[in-house]
Amino acid sequence: MQPILALDGVSKSFAGVHALKSVSFDVRPGEVHALMGENGAGKSTLIKVMAGVHAPDSGDIRVNGEVVRFASPREARAAGIATVYQELLLFPELSVAENIFLGHAPRTTMNALDWPKMRNEARRLLDDLDSHDLDVDARVGSLSVANRQRVEIAKALSQDARVLIMDEPTAALADADARRLMDVVRRLRDRGVAIVYVSHRMPEIFALATRVSVLRDGAYVGTSDIGDITEAELVSMMVGRPVDQLFPKANTEIGATVLELRNVGYRDEIENISLTLRAGEIVGIAGLIGSGRTELALTMFGITPATSGEILLDGKPIAITSPKQARDLGIAYVPEDRGLQGLIKSQTIRENLSLSLLDRISTASIINRAKESSLARELIKRFGIRARGPEQRVRQLSGGNQQKVVLAKWVATEPRVLIMDEPTRGIDVGAKAEIHALMSRLAGQGLAVLMISSELPEVLGMSDRVLVMNNGRIVAEFDRAHATPDSVGTAMMQTQTLAEVA
Amino acid sequence: MTATLRSLLRHETILAILLVIVLAALATQSDRFFTTANLLNQGRLMTEVGLVALAMTFVIVTGGIDLSVGSILGLTAILLGVFWHNLGLPLPAAMVLAVLAGGIGGLINGLIITRFKVPPLIATLATLALYRGLAEGISQARSVRGYPEWFFVLGQGEVWGVPTQLWILGVLVIIAAVILGLTTFGRATYATGANETGARFSGIGVDRTKMLIYTASGLVAGVAGVIFVSRVSTTRSDMGTGLELDVITAVVLGGTSIFGGRGTIIGTVLGLILMQALKNGLALSGVKGDGTIVVIGLVLILAIVASNIFSRNGDG
Amino acid sequence: MSMSAPAAARPAPPMRLLKRVAAYGQEFILLGAIAALFIVVGIISPRFFGANNISNIFAGNAYIAVAAIGMSLVIISGHIDVAVGSLIGVLATISGLLAVNGYPIWLAWLAPVLIGIVVNAGVGSLVAYLRIPSIVVTLGMLSILKGGLISVTAGAWITNLPEDYLIAQFRLLGVPSPVWFMVILTALVAFWMRYSSFGRTIYAIGGNVEAARVAGIQVERSTVIVFAIHGAFAGIAAVLFATQLQVIQSTVPPNLELTVITASVVGGVSILGGTGTVIGSTLAAILFAAIASSLIFLNVSAYWLRSVQGLLILITVLADMARRRRLR
Amino acid sequence: ATWTGGDDLPTNPLACDGTAAAPVAKPYDGGEVTNQPDRKGKPIKVVDVPKLIGIGYFNATSKGIADAAKELGNVDAKTDGPTQANIDQQISFIDNYITSGVDGILFAANDPVAIAPVLKKALAAGINVVGYDANSEPNARQWFVNQAEFNGIAKSLVDNMAKEIGEDGSFAIVTSTFTTPNQARWISEMAAYQEKCHPKMKWLETVEAQEDNVLSFNQATTLINKHGADLKGIFGMTSVATPASAEAVTQAGQCGKVAVIGLATPNAMKPYVAKDCVKSVVLWNPVDLGYAAMYTLRAAADGDLKPGATSVKAGKLGELQVINGSEILLGAPYTFTKENINDFDF
Ligand SMILES: Nc1ncnc2c1ncn2[C@@H]1O[C@H](COP(=O)(O)OP(=O)(O)OP(=O)(O)O)[C@@H](O)[C@H]1O
Ligand SMILES: Nc1ncnc2c1ncn2[C@@H]1O[C@H](COP(=O)(O)OP(=O)(O)OP(=O)(O)O)[C@@H](O)[C@H]1O
Ligand SMILES: [Mg+2]
Ligand SMILES: [Mg+2]
């Protein structure tokens, strides 16, 4: 069958960075073509070329065999190409319905916007995505990341596209939601839509894709039918080398209790949380979206200070009322949203790395620039951050490397407790393995690690103990031996049903 | 020189070149422009705006704005008179109290902005009216005059041949430049302006930083108020009306991004000097006041256009 | 327990209504404030309810309300214009000069609107295409227009305006024409903002420029258009301003830009862009006129007038903040 | 609200019957120019810095200055100043002109004390300094041309009002701001004079309206609405407030019921006077004021006007009297009425 959309020898560079080097790629109706590559390989850039956001420096774009030039995203959309971008591009002040239909809203005969119809259509689209609880009148700014992701997808679906491009649509989704989304993708594929799918999650690729193409450092590496390739081969195509084992959980000696929470609550978001973190231990928290895991982390880090209960550090009661205080007590938090919470993207790597330990590199408040630079260089080396140097702006780094900057910045504060919220979200396998290895190493050095993750395999693979949260409470606890996909998954689901009954 | 420093200095470099050209051009227009006496005198005239502009640089770097500075200046001027004349306090005590009152005005701005999350523009728009109203209400339109001679040293006197207030401005410029450029507080200021959430999640006391900055802005406006009273020998409740526009123009001309996260004290000082040089030099060259205003408006727009174009070429 | 919390969970019909109310909260706060003011002042001083006084309150700030419509669009789109006072001064002078120099009356009315469009399209172009922050461009424009106006007119008053030029003094059904302008333009724009795609585009640009760009919105062109529309409203406001009396001062009215911006933001337009309605800004303009009038009726010493205004602005804004927090 | 403002200076109401207060002989209290070069008969450069530019009143004084300069032939005069009545900017303007090297400075002070240091600096730089309209501290300038004394204006305004609304009428005042020195002085003197000579008149209140046309109109309208039939008269204290108040009365259909008396320039008032809505407008002729100021400056520069002089020749205005030590009196305030208003064009 003829490809509906094809790229031919497309190149694109940004201020000297060759993001794409003569890449060819195509997608046919009724197939899911997966696009793989490490962080910074150029996947999102390629997608933006197809979507008309970036004009290619050279090379051709063909729609149904005809060469086209997209001067703007509008033209790409007119050609039947809909895109779900990696960084969610929504309007926080507008409603869900309006976000879905902005730019192509239904009209009345008077050519005025037809709000009732817009809301109904939005309802229908969201119901299609099994998002019955998402209010079409809600302000998008008030939604969780996962719900925003759903809005993005509904928006793409609303356009009746012939080509649907999805850039890491499941990165922010928990397993169950990801599965629901995959069902939707299959349905669309069966309807004859051509789908370009980017994800770092291998199982999804093998469950969904018809073909897979790989980019490395902006260059096209190859394409294969999904049946003709194994996971290991795919990984080595992406990385250019064999990758260390994922979830390299080293058995470390578990020490004394560092941090203890007793019946901690914050408003009505989390309630009666009791848990202990011990030196050298990795505790994983599993849960569905909105189960309150992030809320718990925010409370432990002083963003939303606890409104009830007790927190003890080394057995002594403490109050954590601000992130600054948490940091000074030796608690570090690698947040969920790295662009907004983790980094100052317009600043340099050096400035980001030193931001949480300014006191330590300054005398009488004056920052020692030499110390700061050498610290930055050392961390870049130690964490294998791929960058031109400490003076590169974080904005210009790929997602994985940005994540490493956040990690490095917090590890450099030499914390005793490290809370990681979705530490490998949107991270390629290579980087993921590195982060996992790092996590193991840190635990080995006596850190108490609390890891929140929506990827069950990651939770199970990395944790000494697994806590399951639902509705703002801890509802189950498993030690490593008993934490199986079945047991944890059942706990997550059961409590969900319980909550619904209640 | 590092890449950041280079990119930070880019606007300042353009501005410095522009300033040199303007100074040269003005000097050829009038032989009375480029004289020590005139330049020192201009320094005296720009001190109040300059002082407030230093604090405003911090405010704008955090992504905020303080429109109430002119009103705070007026309020401190009135309070200085009231404390001294009506309450009979010794003048030095009245001076200190008046400056502190300015600080309280700034503190209230900071509280409204950090506690109640009111956008700075709106918060200070409201206090712009509020503080001016207080100045009018407290003064009941009366002026306080008849200050002792020693008090005028501050605004009309000289120390080692240089206007007294210029020393104060000079010292504060250095302090401000060091704080913003070299200290942890400066770093916190930039981080807050560039990404407030990110700064908070990095353990920066964002609210504390902002409170300090708005309070400092009020304090400095208070100091400017006292200097102003000393310079003009009287207090009036309409003192400092419209000061905020001059201050913001100087800061923005100096390359501080109105969106926050970017700006330097050097830039502000250059912007300030450029503005004052234009006002003075054009007047000396026979251009009337209204013509001067037009030129300043044009220079502001053109300077920012030029630096935008240059820096975009640089960044790609 | 706040009322909006259960509403967020499952919007039953009455709750939905409450949510609507909450979403338009600032308008209701303002309406409440105006009503409260009228009742309190009216009880203390019944003459406050005099037909003339009511009509003056509505007519007195109508030109500010009209200017605030354009300003609201600009602020919703994520920008600001601090030069609007100067622009109105310039346009009013041009209008008056045309009227006294024998040009047709319709031209004296139309020219300010057209010139407003052209000037602000220029401002918008600098903002959109050269990426200069709007506050910087308009700060420059403020100086240029203000200085330029005085250079040209030397502040000479314009007198001897023809009777039939004084449109702001016309009445229709006993209601002063500025009130008609204010009400009709507010209603039209409010409707247009909600039911036209360009209206929504303004919200989109102000809410998230990058998202607007990939949604296929021509951000630059739209920004220029928003500024141009704002220029048109400044032109209408200038004509209303110029024809209110029989003389035109031909200078820039002091602090007019602050009043217009304040009307917009007190009306609930977020200074960060992306939200707000023009109904709010019009109500705010009416509230200001009502406050100014009330203070005279309540014998508040005029010395404290400005403090009271400042406090009231603060209270309205804080009330709005509290409401928004509850909404979340 | 009653008037509490103004300054702390004592009021000095004139006698009710208009007998002029005996002029107090006072020695010269003006300032001295240091090292004044010989300017006698030589061309001089003069700058006029009014309170603000761009209002009708100062346009008129500026015209008078230009007229006189032309008549004199050896004066190069120009007007420059702030666009808002702002003490700080006015000071900067004067300072710049001192630096640029003028021979003479004419000023109308926004604040008598604030402007003093810079004027003294001018005197010290050998520049002749003459004020008009609004005085500075006496020793900061050589001479001040007084358009009409505060108490004279007050008397004229209040007497005219009493004539129109009767001895027991109620009135209100619209002024620019409470901090404007001249207006504040006038209002204080009016209060004192009314107390003394028209004790039954009732002063309702005073409102601020800046130098803003539309605001003045709105404030006057509100006064009319508030006081209804109780309000018999409105004083406009500025050349902006008076026509706006007249307009308010006109648009409220209260012509003949609410009197408007005030300080204003004739051109702005002609429509209302023609329609009989306003019967009397009080003002000196600001063109003459500027003209006299220019002549006074020339005389001071030539050395013809020395401390101790009792009069000065001012071209077509003839001899003007020196009062109060160092002030030159233009004359009594002038009342414009329907009969004479069309003779003036400013
Ligand atoms: N607007 C831009 N300006 C400069 N460099 C850019 C820009 N966009 C992308 N790049 C660079 O291009 C390269 C490819 O980035 P891209 O976002 O396409 O990677 P990706 O494969 O999507 O990575 P990830 O898996 O982390 O999302 C990176 O080196 C990135 O830094
Ligand atoms: N109504 C809301 N308004 C604003 N933010 C919200 C809202 N609901 C959730 N969030 C944010 O979304 C994120 C997820 O919320 P929560 O802590 O409840 O769930 P979680 O178990 O961490 O889920 P996730 O898998 O999405 O991280 C948090 O950052 C939270 O602050
Ligand atoms: Mg990507
Ligand atoms: Mg989470």
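In case you wondered, yes, glycine gets a Cβ from its N, Cα and C as well.
Bear in mind that the values here come from a model prediction, so they are computed numbers and not experimental data.
Annotation comment: TrEMBL describes C:21-45 (among others) as transmembrane segment.
Sequence annotations record features per position, and here TrEMBL assigns transmembrane segment to C:57-75 (among others). Note on the transmembrane segment (C:57-75): residues 81, 84, 88, 134, 168, 176, 178-179, 181-182, 185-186, 189, 193, 202, 206, 226-227, 229-234, 236-238, 240-241, 244, 256, 259-261, 263-265, 267, 269-271, 273, 276-278, 280-282, 284-286, 288-290, 292-293 of its chain, located 6 or more positions outside it, place their CB under 8 angstroms from a CB of the stretch.
Annotated transmembrane segment per TrEMBL: C:82-100 (among others), in sequence order.
Non-local neighbours of the transmembrane segment (C:106-129) in the same chain are 79, 81, 83, 87, 91-92, 94-96, 98-99, 137-138, 141, 165, 167, 219-221, 223-236, 238-239, 242; each lies 6+ residues outside the stretch with a CB under 8 Å from one of its CB atoms. Residues annotated as transmembrane segment in TrEMBL: C:106-129 (among others).
Residues annotated as transmembrane segment in TrEMBL: C:136-158 (among others).
Sequence annotations record features per position, and here TrEMBL assigns transmembrane segment to C:178-195 (among others).
Annotation source TrEMBL lists transmembrane segment at C:223-243 (among others).
As annotated by TrEMBL, transmembrane segment applies to C:255-272 (among others). Sequence-distant neighbours of the transmembrane segment (C:255-272) (same chain, 6+ residues past either end, Cβ-Cβ under 8 Å): 25-27, 30, 61, 64-65, 67-68, 71-72, 75-76, 78, 80-86, 88-89, 142, 206, 278-285, 287-288, 313, 316-317, 320.
Remote same-chain residues near the transmembrane segment (C:279-297) are listed as 24, 26-27, 30-31, 33-34, 37-38, 41, 44-45, 47-48, 53, 56-58, 60-62, 64-65, 68-69, 71-72, 182, 186, 190, 259, 262-264, 266-269, 305, 308-309, 312, 316 (criterion: CB distance under 8 Å, separation of at least six residues from the stretch ends). For C:279-297 (among others), the entry in TrEMBL reads transmembrane segment.
Contact between the transmembrane segment (C:223-243) and the transmembrane segment (C:136-158) is not supported, since fewer than 3 Cβ pairs fall under 8 Å when only residues 6 or more apart in sequence are counted. Here the transmembrane segment (C:82-100) has Cβ contacts under 8 Å with residues 63, 67, 70-71, 107-109, 111-112, 115-116, 119-120, 123, 135, 138-139, 141-142, 145-146, 148-149, 153, 158-162, 165, 230-231, 234-235, 237-239, 241-243, 248, 250-261 of the same chain, all six or more residues outside its ends.
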